[in-house]
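Engineer: In case it's useful when we look at the structure, here is the feature table from TrEMBL:
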type	residues	note
DOMAIN	4-120	domain 'Response regulatory'
DOMAIN	146-211	domain 'HTH luxR-type'
MOD_RES	55	4-aspartylphosphate
């Protein structure tokens with residue numbers, strides 16, 4: 001049985017071209033076309049397509065708002081955004097609205113067909129270019145200052161942390177390194193300050209998470 005596809009785009013030539021290409025696929029069938037967001041909502045309600053291929057930038061009601069309205073009325077609906085917009089904001093907003101995928105209009109039709117099939121089966125489809133865009137944007141938003149981590153510890157502090165996690169007390173650790181108990185206590189305090197931890201128990205849990213020791 002063919003997948004039923006609804007095409008939504010305000011440009012007639014785009015809709016006609018997509019219809020020809022999609023109808024050539026043995027497992028797909030275009031059941032309707034919409035030129036506006038409002039028409040898309042109505043046709044989605046009436047036709048219940050397996051996948052709605054949705055343009056983003058349309059007059060009156062854009063594809064993001066149309067997607068949101070379709071999903072609100074029919075949560076099982078599957079929407080694939082097809083847009084010229086490569087700006088992260090458009091991608092994020094239409095996905096938040098409920099779209100299951102995003103394909104750029106300059107992509108080859110083969111990618112669109114792959115995306116339609118993926119979305120029809122309940123998968124989320126994002127091409128590598130869009131994924132790369134989102135990752136780059138995310139990395140740019142990470143603050144330069146990051147919390148103190150294991151990498152901030154000196155080699156001696158790492159060794160002491162492991163011994164603490166293994167249950168060794170300050171006197172035993174001091175004997176191992178040939179230093180005073182006071183020196184070990186100072187280094188332990190330094191470790192806790194760098195890691196923003198406040199007890200031996202927290203140090204032990206941290207060491208387990210880092211794979212420095214185990215609780216077995």
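Here the Cβ of each residue, glycine as well, is placed from N, Cα and C on the backbone.
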Engineer: Which ones in the same chain are close to the residue listed as '4-aspartylphosphate', with CB under 8 Å and 6+ residues apart in sequence?
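Structural biologist: Counting only residues 6 or more apart in sequence, the Cβ neighbours of the residue listed as '4-aspartylphosphate' under 8 Å are 8, 9, 10, 11, 14, 63, 81, 82, 83.
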Engineer: How many of the residues that make up the domain 'Response regulatory' (4-120) does DSSP mark as helix, as strand and as coil?
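Structural biologist: Residue counts in helix, strand and coil order: 56 helix, 25 strand, 36 coil.
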